[in-house]
C-alpha cells in the first residue's frame with residue numbers, strides 16, 4: 001500500500017526538523033496524500049453518497065496543510081498549524097455524527113480533557129492559554145464522537161467504528177505529546193512518538209470512511225425503538 005511506503009520514506013529519511021524546507025514538508029505530507037488517493041479511489045459517487053467520507057477527505061486536506069505549517073513552527077507558524085488541525089477535528093467529529101449520544105463517554109472525555117489542560121496550563125501564556133484550551137476541547141469532542149459509536153460485541157459491531165475509535169485515541173496521544181513537548185517538558189523520542197501515532201491515527205480514520213455510517217445509525221435507532 002502506498003501509504004505504508006510513504007510512511008517508511010518519512011522515517012527512513014528522517015529529515016532534520018531544524019532545517020525546514022519544502023522537501024521536508026512534502027515528505028511529511030506524502031502519507032496523507034496517499035490517504036487522499038485511497039478515498040478518491042472509491043469514486044466520486046461513493047463520496048457523494050457518503051457525506052461522512054467526504055468530510056474525512058476534507059479533514060485530511062486540512063491535516064496536510066497543518067503538517068506543512070508545523071514544519072515551520074519555529075518560524076512562527078505553529079498557530080497556523082493548530083488552526084488547521086482544529087478544523088480537521090471539527091470535520092472528523094461531524095463525520096462521526098451525533099448518534100448515539102453516549103453521554104457517559106462524553107463525560108469521561110470531558111474529565112480527561114480537563115485534566116490534560118490542567119497539566120498544560122502552567123506552561124501556557126498569552127493567546128496560547130485560550131487557543132490550547134479550545135483545541136483540547138475540540139480534539140476531545142472528536143474523540144467522544146468517534147468512540148460514542150463503538151460496539152465491540154453484538155449485531156451492531158462494525159470494524160469501521162473500531163478503526164474510528166482507535167484512530168481518535170491515537171490522534172489524542174499524538175497531540176498531547178506535541179503539547180507536553182512544546183509547553184511543559186522535553187518528551188524522550190517525541191518526534192518518533194508523535195509521527196508514528198499520528199500516521200496510524202490518520203490511516204485508521206481514513207479506513208473508517210470506507211463503510212457508510214448511515215445504515216449503522218438507522219439500525220441503532222430501530223433497536224432503541
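Using the three backbone atoms N, Cα and C, a Cβ is placed for every residue, glycine included.
Those TrEMBL annotations? Automatic predictions, nothing curated.
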TrEMBL annotation (transmembrane segment) - matching range among 78-94, 95-111:
78-94
Based on Cβ pairs under 8 Å, which of the stretches 78-94, 127-147, 192-210 lies most in contact with the transmembrane segment (30-49)?
192-210
